[in-house]
Amino acid sequence: MEGFVDHYIVLGLASGEEALKLTEKEIAKAYKLKALDLHPDKRPDDPDAHEKFQRLKTSYEVLKDEKARKLFDDLLRIQREKQHKKSQVDSKRRKMMSDLEERERSAFSPNPSARAYDEEERIARKLKEEIDRIRARHAKKKSGFQTPESNVDEKRKEERSGAGASVQLDKERMLKVSWEKCGEGYTAGRLREVFSEFGEVEDVVIRSTKKKCSALIVMATKDGAVAATRTLCGNLSNPLLVVPLQKAAQTDFLTAKKSAEAEPQSNIVGAGLQAYEDAVMQRLLQAAMDQKKRGV
C-alpha cells in the first residue's frame, strides 16, 4: 500500500497480533519515551526533526483513539491475511513447478536399463564390424591379394635381407693386411698406392701394436680384393701378408710365395690365425733374405 505507516512501529511497539494486547497506558508510555528522544529541541542539528516528531504525534493520536485504532488493527489483519495467502500460493506454485520439472526429467531421461541396452547394442555393432573386417582380410589373402599390413611385413623382410646381403658383400671386399714392425713401414697412403694396382681402394684403416702392424683395406669390388690376395705385394724387405676378411676355403701352403698367392684358410680363427700369419710372415722374410743373398 502506497504511503502506509505502521503506527505501532513508529512508537517503538510490537506490531501484528501482539499489538492487539497492548493497553492505552502502554501506548501512552511508549509515546512519552519516544517524544523525549525525537523532540526538535533535542535534535537541533537534524533538519527532519520536526517532521519526525509530527509523525510520532499522528501515530499516537490514531492509537489512543479507540475507533481509529480498531480500523488500523483491521487493516493490519487484512494485510497479514493477504501475505499469508500469497505465501501459500507461492509455496503451491513452487511445489507445482517442482513436480512439473520432475515429470519432465522422468519423461526425457532414459532409465538405467534402457541406457544399458543402448550400450550393449553399440558394442555388439562394433564387434560385428570388426569381425567383418577380419573376414575380408582373410578372403583377400586367399584370393592372392595382400593387405597393407602384410605388405609392410614383406617390405621389412626385404630390407633385413638386403642389409644382410650388403654386410656380406662388404666383407668380401675387405682385406686384412699385416707386416712386421721393422725396416720400412707402411702408411695409409703407401697402402692405398700398393693396392690400387688391383683396383680402386675405398678406404684404409691402420692398426699398430708393439710388435706388428695391421690394416684393413676396403676394395671397391670383390674382384679387386681377390686379385690382391693372389700376389706378393709390398716391399721385399718387409712384405705384406694379405688375407681376406671373409673366410675362404682351406688351402695348403707349400712355399712362402704360394701362401702369398693362394687364398687364405677360412677355418683358421683366433690363435690359429695368428700362428698362421706369423709362419707365413717368417717364410716371406726368409724368401726376401735369400733373394738379397743371391743378388750379392
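Including glycine, each Cβ sits where the backbone N, Cα and C put it.
Unlike curated records, TrEMBL annotations are generated automatically.
The shown structure was predicted, so the numbers you read here are calculated from the model rather than taken from an experiment.
Within its own chain, the compositional bias 'Basic and acidic residues' (82-106) is flanked in space by no residue lying at least six positions past its ends with a Cβ under 8 Å from the stretch. The compositional bias 'Basic and acidic residues' annotation in TrEMBL covers 82-106 (among others).
Per TrEMBL, compositional bias 'Basic and acidic residues' is recorded for 152-161 (among others).
DSSP places the residues of the domain 'J' (6-76) in helix, strand and coil in these numbers: 55 helix, 0 strand, 16 coil. Under the heading domain 'J', TrEMBL lists 6-76.
Residues annotated as region 'Disordered' in TrEMBL: 82-120 (among others).
Here TrEMBL flags 137-167 (among others) as region 'Disordered'.
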Counts by DSSP class (helix H/G/I, strand E/B, coil) across the compositional bias 'Basic and acidic residues' (82-106): 25 helix, 0 strand, 0 coil
